[in-house]
Structure formats: C-alpha cells, structure tokens
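Working notes, structure below.
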Amino acid sequence: MSHEELAEVLAKVLKKRGAVLRGDFVLSSGRRSSVYIDMRRLLGDESSYSVALDLLLEVGGQDLARSSAVIGVATGGLPWAAMLALRLSKPLGYVRPERKGHGTLSQVEGDPPKGRVVVVDDVATTGTSIAKSIEVLRSNGYTVGTALVLVDRGEGAGELLARMGVRLVSVATLKTILEKLGWGGE
C-alpha cells in the first residue's frame, strides 16, 4: 500500500472509533492542541486494533524482523508493542518514564535480550518521550535505529530522533489523517 492508502485506512478506523477529537487538549509534550488522537479507543474493538496492527507491520515490518525485541514507550506504546511482539514471536520490553523506587529499581522492564530493538509508541508529537526511552535503552546496552508510531503529529519528533540517529517511521501524519477526514489542517 502507498503512504496515502495507509493513511486512508487508518483515518477510517480512527473515525469509526471516535478517536479523533476536537477541543482544547494538553498533550504529553505540554503543548496545547485543538485536535487529540486517542489511540486507546482502538483497543476496545478487536477489528480496529487488528487493522492498526497490520498497518504498523506494513510500515515497520522490515525493521521489526531485524530486531531482537520490541520495546514499548509507557504507556501509549505498550499495547501496540505487545501486540507486535506477540504477532512476530519477538521478546517484549518497555521503558518506564522514571526509575521505580522499589523492587529491582529497573527502568527497562521485561529483560529483553540486548541488541537492535524497535521502539514503539502510539503518537509522536515533539518526540521527547520516545527520545528519553531511547536514551534509557542505550544506557542499558541496547541499539535503537527505528521508532515506530501510528501517527506523527509533525511537531518535531522526526527531527529530534534524526539528530539521535533514529529514524521515525509512521503509518500517517496528523495532517494527512485530518485531510482524509475532510477536516483540513489543525
């Protein structure tokens, strides 16, 4: 499928689940937005998350196949990483935003094998959450070359990750999703 076709399919699923919301929202980056993509709404319908999973595999399949593990960014990326890992029979891990103060004190959970991993999140905005996860992974001996997301909001994530030597791969951009929904730009 072309990038346009992938975006069209994702836009339909997002519309079906009411996952593109208008209003006044504060994003995890701290930025305000009049549009919010709530990927968690896809999780409540197996046909919707199955389609989204297939789209992630379409754009990230080669990188995922070469990876030693799939790593989710807590919390939005964790369900997608888990489904990808299960589908591909790959080890799964996730990065906590902060080191916990009890138990093993680990920030990388699941003890996935060291090597080249793919980092997965649901939506990329500025890329700060993904970048922090990559820094934690690298400091723990992992190699990261690809971050995979369903939607790139186009607010700097790709550029930030590129400066770290990481390629951001997305199913669609927010701009394209809004165009496919007939909403125009944000």
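The backbone N, Cα and C atoms fix where each Cβ goes, glycine too.
Marked as 5-phospho-alpha-D-ribose 1-diphosphate binding site by Swiss-Prot: Arg96, Lys100, His102, Asp121, Asp122, Val123, Ala124, Thr125, Thr126, Gly127, Thr128, Ser129. For Ala124 (5-phospho-alpha-D-ribose 1-diphosphate binding site), the number of other Cβ atoms no farther than 10 Å from its own Cβ, over all displayed protein chains, is 31.
Close to Arg153 (orotate binding site) in the fold, though at least 6 residues off in sequence, lie Leu27, Ser33, Ile37, Val123, Ala124, Thr125, Thr173, Leu174, each with a CB less than 8 Å from its CB. The orotate binding site feature in Swiss-Prot is assigned to Thr125, Arg153.
Residues near Arg96 (5-phospho-alpha-D-ribose 1-diphosphate binding site) in space but far in sequence (CB under 8 A, at least 6 apart, same chain), listed by position: Ala74, Ser106, Gln107, Val108, Glu109. Between the binding-site residues Thr125, Thr126, Thr128, Thr125 has the most other Cβ atoms inside 10 Å of its own Cβ, all protein chains included.
Around Asp122 (5-phospho-alpha-D-ribose 1-diphosphate binding site), taking its Cβ as the centre, 24 other Cβ atoms fall within 10 Å, counting all chains.
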